Every structure is written in C-alpha cells, then in structure tokens.
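Asker: Submitted below is the structure of interest, expressed as structure tokens.
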Amino acid sequence: MDSPSHSSVIIIGAGISGISAGKVLAENGIEDMLILEASDRIGGRIRKENFGGVSVELGAGWVAGVGGKEPNPVWELASQSGLRTCFSDYSNARYNIYDRSGKIFPSGVAADSYKKAVDSAIEKLRSLEANLDSEVTEQPRSPKTPIELAIDFILHDFEMAEVEPISTYVDFGEREFLVADDRGYEHLLYKMAEDFLFTSEGKILDNRLKLNKVVRELQHSRNGVVVKTEDGCVYEANYVILSASIGVLQSDLISFRPPLPRWKTEAIEKCDVMIYTKIFLKFPCQFWPCGPGKEFFIYAHERRGYYTFWQHMENAYPGSNILVVTLTNGESKRVEAQSDEETLEEAMGVLRDMFGPNIPNATDIIVPRWWNNRFQRGSYSNYPIISDNQDVHYIKAPVGRIFFTGEHTSERFSGYVHGGYLAGIDTSKSLLEEMRKQKERKSESQTFLLEPLLALTGSLEAVPSLHKCDIPTQLYLSGKVGLQEAIL
C-alpha cells in the first residue's frame, strides 16, 4: 500500500469558503495544498441547473446587500465577471396576496396586517432583549388567519430586516439582485479558482482539487491531521481547513479522533439549520400577472408556509414561462420526502386556487433536496436574533490543527454568500498566522537546543556531514552527555 500523500494544508469542501480560503493560501505561498470535495462539482450550496431552456439557481440565487456605504465583495466579483443580474423588489409582494378563492386582499387590509405583524415582532424582540419572563409579560398574539399566517411567513422567512437591523443591509445596502446568467452564480467560484488552480476552457484540471472524495474521519494530533475518505484513501497534512456546513457538522458524516471538545459540539448543536427550497415549474404559456410590482405574489392558506411565496421569472428570463415557489423548514422536509409528482399536484392546486381551474398543467418541475443531501443537510445557518455571539466564536474556533470555516462561522454575515466568502478569507489568514507562529516557535526551539550543544562540540562545521538532528545521538555515544540530556 502506498504511503499517504502529505500536504501543508488540506481544505475539505470546495464551496465558496473553501475556494476563497485556497486562493488566499496560494497568494501567500502555500502551494502544496489539497482540496477534497465530496460531490462531483465545486460550488457547494451554489448550484445551477439547466431548466426550461434557462439556467436556474437551486441554492443561493441572490447577491444580497448592494448600494450601501460599503461595497459588497461578492457584488464586486459579480461586476468584475460581468455576471448578469436583475434587481428584485420585494416591497410590493405584500400587496399581491391571494386568498383561496383567487381574490387579492385589498391593499389597505394587507398594509394594516403587515404593520401589525411588524409591530408584534418588534414587541416580541424587545421582550427577549429585556429577558422578561413569558409568564409575567403578556406575549403578542400569534397569527391565526390565512393572511396573518402568510404575512408572518414572508416577514420572518424573508424580510426580518424590517424588525431587526441585519449587518448585511446595514453595511452593504438594502438592494438585492437575482443572478440570471447562463454561466450561473458558480461562475464566480471558477473565476477565483483560476487564480491558483490550473484550468483549461473553464474546467479545473489541477490534481490538487479532488472531486468525489467523501471525508469520513479526521485523526488529529499535535503533529498533524490524517484524513480518511469513504473510498479508502488516506491523506496527511500539517493543518486542515474544514468548510463543511453546520448541518453536516451536526450529522455523523465526519467523525473526529479524538472527538471534538464538549464546548465545540454544544455550540454546533445549538445552531439552527434553515432549509430553503425553491421549486421551479415550467409552463407552456404565461397565465399570471406581469409588469411593475408583480414579480412576487403570496398565497394565503390556513397552514403557514404552504406554497406561500411565489415569483415569476419573466424579469430574469422573458418568455421563459417559469414560476418559482419557495418553501422552508418543515414544509421543505415534507416535500423532500414525497415524490415530485405529488409536489406538482399540490402546487397546481394552489395555482388553480389563485388563477382559476382552466390554467395549463406544468410541463416540468424541479425540486431541490438540500435537507436529504448528506453533503449539505440544509441551506444555511440560522442563529437566534438574541445572541451574545459566544456560540459563533466557539463554532469558529480551531481545535488543534483543524480550522473551521463557512458562512456559519461569520459573526456578522452568517447565512449569506458573502458571509461564506469572507469566512474563507478570514480563516485562511488565521491559519497563516498560526503557521508563522509555529515557524517562529520551531526556530526558537532549535536555537535553544543548539546553543549548549555547540558549546560542547565547538561548531557544526567540526562534525562534517553531520545533520543537526544527529547531534544528540553523537553526543550521547561520545559520552559527553547522558541519555536524558541527549534526548532533550
């Protein structure tokens, strides 16, 4: 059996965090790195699919946070690459709320319901901030009617920024742009990879990127890390950067020998995983309203989140005749567990409620399954609004020679593409600093050992062709020092 290959750094995962980390390492002279990716492609939760003649984004689809006082680094990458995007205006969605009879709620009713929902959420947030006991303080009334449930869904699952300032919008701006480019959002990762991995005609051919390598075990010690993959391969490195998602860290996909410390595992388990499922439907013709303020529309149902949030793709791809409906969490898990045919039937029932019984059937459907994907286990991390960030620090903190990265390690931008991008940069810089310190410690240790030895032997030159590592043995054999002194 061949001996394991050895690298300075192994990066586990070729999503945006892993690729941005590799780029920074390469820029700082670390060439002997290895990137192990479990799937057959780079990108992680950034994934395009050809559907209905266009490229749709099954995972991350927007550049969120544009137009503010600071430039969003992902928006800058998109601009440099000429990535085609479309501005998304969610503000009118609350005025396009359909009931089950196909009627749109009057704008006044919708606006009033929305204001009440925002006020209730703010009141609840203030109660949490004040750490008030729920038995003492009267809690805001829970949403009950279909319109209240629909607004609660879009407020908390899409527009939480109206309740609590979110760093992404505070720092980078409140505008969001949908990626609508045939090259896909993942094109940004390939452009980054080109800077340090050998590519040809848009394909990465560098043997330092290894696809279909499912890491199952990390053996770590003070001397390095041994990485074992599902196909029986073994790799060794001085350090590992682990960019697996928070959902994967919570699963049993990767085992650690020795196990991770309790403070680490407890923090990992505390973090919620958000599941965000965009279901795409292709139709032979358009039957929904288009025009200004009509891109997004809402379905009010007695069950919260039941095919609630809809978007047409006419702004992104005119004439595509594609609708997208977004499900989250419990509804996502339910839909992932059933057949696409059942999901199509449910979605068509909702559309016929809104637009009548005579609309055409969808000709195609695509249902991503992020929760059941063992390499992802969800869409993104979701930390509690009220948090002292201690859990984020623990999740991010290295354990020995294993460094952790990913959007879930970003204190300010968790859950966003730019959070993952910046986390990769931040983690690689931390690792580079640790490598610098380790080099200094090693140099100081060698100096400390050599000074008394040189005093005994005169100089290294006095012992021709003798390696410095052999000096303790030679001194012991010559009888000038005892065994313990020689080892030390």
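Cβ atoms are placed via backbone N, Cα and C, with glycine included.
These numbers come from a predicted model, not from an experiment.
This is the feature table in TrEMBL:
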type    : residues            : note
DOMAIN  : 16-429              : domain 'Amine oxidase'
BINDING : S17, E37, A38, V215 : FAD binding site
COILED  : 111-138             : coiled coil
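For each listed feature, how buried is it and what is near it?
Answerer: Cβ neighbours within 10 Å of S17 (FAD binding site), excluding its own Cβ and spanning all shown chains: 34.
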Asker: Can you check which residues sit near E37 (FAD binding site), meaning Cβ under 8 Å from its Cβ, same chain, 6 or more apart in sequence, and list them in order?
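Answerer: For E37 (FAD binding site), the qualifying residues are G13, A14, G18, L209, K210, L211, N212, K213.
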Asker: Non-local Cβ contacts of V215 (FAD binding site) (under 8 Å, 6 or more apart, same chain)?
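Answerer: V215 (FAD binding site) has long-range Cβ partners I12, L36, A38, V227, K228, T229, E230, A244, L253, I254.
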Asker: Quick one: give me the count of other CB atoms within 10 A of the CB of A38 (FAD binding site).
Answerer: 24
Asker: Name them in sequence order: residues not among S17, E37, A38, V215 whose Cβ is within 8 Å of the mean position of the Cβ atoms defining the FAD site.
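Answerer: Sorted by sequence, the hits are I11, I12, G13, A14, G15, G18, I35, L36, S39, G44, K213, S243, A244, F375.
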